[in-house]
Amino acid sequence: MEDERSLSLLKLMVNEGLFPSPEEDEKRKIIVEKLKTIVVAWAKKVAWQRCLPKQQIAATSATILTYGSYGLGVHDPESDIDALCVGPFFATIAEDFFIVLHNILKSRPEISEIHCVKDSKVPLMRFTFDGISVDLPYAQLKVLNVPENVDILNLSLLTNIDETSWKSLSGVRANQRILLLVPNLKNFQSMLRCLKLWAKQRGVYGNLNGFLGGVHLAVLAAFVCQNQPKASVIALISNFFCTYAMWPWPTPVMLQDGMPSNVEDVIETRFYMPIRLPCSPYEYCHSNVTKSTFTKIRAEFLRGHSMTRDLLKLKLDSDVGRIFEPFPYSTNYTRFVKIYLSAPDQDELGDWVGWVKSHFRCLLLKLEAVQGFCDPNPMEYVDMDASEPNVVFYWGLNRSRSNFVYIEPVEEDFSRSIYCGYYGIRGKMELSIVQASELPKNARFDSGNGKKMKACWKMLDYNQRRTPAYSQHLPSYFVGYVESNGDTEHPSTGG
């Protein structure tokens with residue numbers, strides 16, 4: 001019975017387009033191999049520019065290591081590729097990575113839309129390679145040759161590296177440790193795909209919004225897999241919700257990895273839901289969880305538990321699909337903060353939106369101070385009545401504080417935060433309070449009759465007017481927008 005239910009659930013995942021085709025997988029492999037060839041040539045060029053001896057130039061090398069959803073084998077057709085460039089001791093991030101390698105990549109005909117994101121927690125280059133988005137941070141090791149099979153779990157290789165390189169390596173090292181520690185890799189991957197769909201549908205996915213990121217879900221899922229090494233996928237999902245609905249937060253979640261347990265001194269930014277990275281006894285997953293988002297995550301764990309505790313007794317097609325129903329924002333909240341972001345053109349909008357989203361935790365804390373609770377819906381929308389390219393967010397507000405009308409002080413305070421330190425062309429940011437009845441139709445998750453679509457969660461071209469489309473497999477499951485020619489374009493969060 002468990003195996004039948006697990007297979008049925010996985011079939012639903014396939015029908016929703018959560019698995020890439022063999023051709024799509026092959027395309028990603030080719031991209032990664034091309035990037036490896038590029039960075040090897042780059043390392044030798046930098047060695048020559050540094051006037052290293054010929055034998056050292058010949059011996060030097062760099063490589064590419066994948067992580068994130070692609071590295072864990074749980075990517076979907078729309079996912080980005082998270083790829084870390086690991087270079088030798090003489091190749092600096094400021095000059096050689098962001099200038100020399102940037103220029104090499106920019107000159108390639110298959111690479112477009114390349115941007116340097118230098119001010120983030122992990123600096124990186126972001127570009128499109130043959131139609132697939134790639135995030136490329138950098139780590140510099142104190143070695144001459146970085147082989148393709150470099151063992152970055154070997155602590156001796158990490159001696160005396162800089163802080164930026166350490167942060168860049170943490171994601172890759174965590175991924176590799178998880179893959180080594182889970183008892184059944186295939187079940188872990190299937191479980192994690194389901195959990196990512198659940199988190200996105202229920203509005204609790206996205207670290208920038210204070211929710212669960214990919215690495216958080218991966219560690220939480222791996223912990224359950226370790227405790228039930230022989231369980232089926234359906235049993236693992238049921239146990240996942242049971243475990244974390246009852247978890248005594250802020251007790252940290254830590255994998256059985258042979259490392260000493262250090263639960264003291266959990267820093268404030270991860271106080272609500274500390275989750276330790278399985279590559280160091282002292283490192284925890286970076287978290288933006290606040291009081292509001294913690295409350296919602298806990299509520300969704302409890303909802304999942306109530307719906308799955310008798311999972312094997314339910315009829316899968318009619319009941320289990322409800323786990324993935326979209327969160328009903330327009331019925332749960334009567335008022336919303338509308339966050340309107342715009343820029344003169346599309347390229348500038350992408351940079352501007354990314355910058356503002358990196359400061360969302362600051363805005364969320366300001367709204368909590370005056371409202372007590374705020375639910376930052378991660379979905380992105382477009383105001384079709386505006387002339388300039390734009391992105392709009394709608395965050396649910398506390399029902400019990402309906403007298404909150406004056407958003408101007410919060411807007412002024414938040415504007416100072418985002419305009420300070422931004423070196424690109426500044427876009428526009430406006431905050432306003434709207435009633436649920438004023439939400440545009442495509443923001444209400446109203447049900448529709450769409451043909452079978454791939455699963456997706458983010459809009460791409462903000463200039464084009466579209467009609468919302470919905471999944472035929474999950475009720476009210478928004479999957480994209482129908483273009484004027486009748487085709488469907490599928491947005492993506494990547495990761």
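Cβ coordinates come from backbone N, Cα and C, glycine included.
The Mg(2+) 1 binding site annotation in TrEMBL covers Asp80, Asp82. According to TrEMBL, the feature Mg(2+) 2 binding site maps to Asp80, Asp82, Asp135. TrEMBL lists Asp80, Ile81, Asp82, Asp135, Lys196, Tyr205, Gly214, Val215 with the feature ATP binding site. Look at TrEMBL and you will find 4-182 tagged as domain 'Poly(A) polymerase nucleotidyltransferase'. Per TrEMBL, domain 'Poly(A) polymerase central' is recorded for 187-315.
Taking the C-alpha atom of Asp82 (Mg(2+) 1 binding site) as reference, the shortest distance to any of the binding-site residues Asp135, Lys196, Tyr205, Gly214, Val215 belongs to Asp135. If you take the Cα of Val215 (ATP binding site) and the Cα of Asp135 (Mg(2+) 2 binding site), they are about 16 angstrom apart, rounded to a whole number. Note on proximity: among Asp135, Lys196, Tyr205, the binding-site residues of the record, the Cα nearest Asp80 (Mg(2+) 1 binding site) is that of Asp135.
Helix, strand and coil counts from DSSP across the domain 'Poly(A) polymerase central' (187-315) read 69 helix, 6 strand, 54 coil.
Sequence-distant neighbours of Lys196 (ATP binding site) (same chain, 6+ residues apart, CB-CB distance under 8 A): Ser69, Val74, Tyr205, Gly214, Leu217.
Cβ neighbour count for Asp135 (Mg(2+) 2 binding site): 19 (other Cβ atoms within 10 Å of its Cβ, all protein chains included).
Summary: among the binding-site residues (Asp80, Asp82), the fewest other C-beta atoms within 10 A of the C-beta are counted at Asp80. Each residue in the domain 'Poly(A) polymerase nucleotidyltransferase' (4-182) has a pLDDT score, and their mean in this model is 93. The Cβ of Tyr205 (ATP binding site) has 23 neighbouring Cβ atoms from other residues within 10 Å, across all protein chains displayed.
You'll find the Cα of Ile81 (ATP binding site) roughly 6 Å from the Cα of Asp135 (Mg(2+) 2 binding site).
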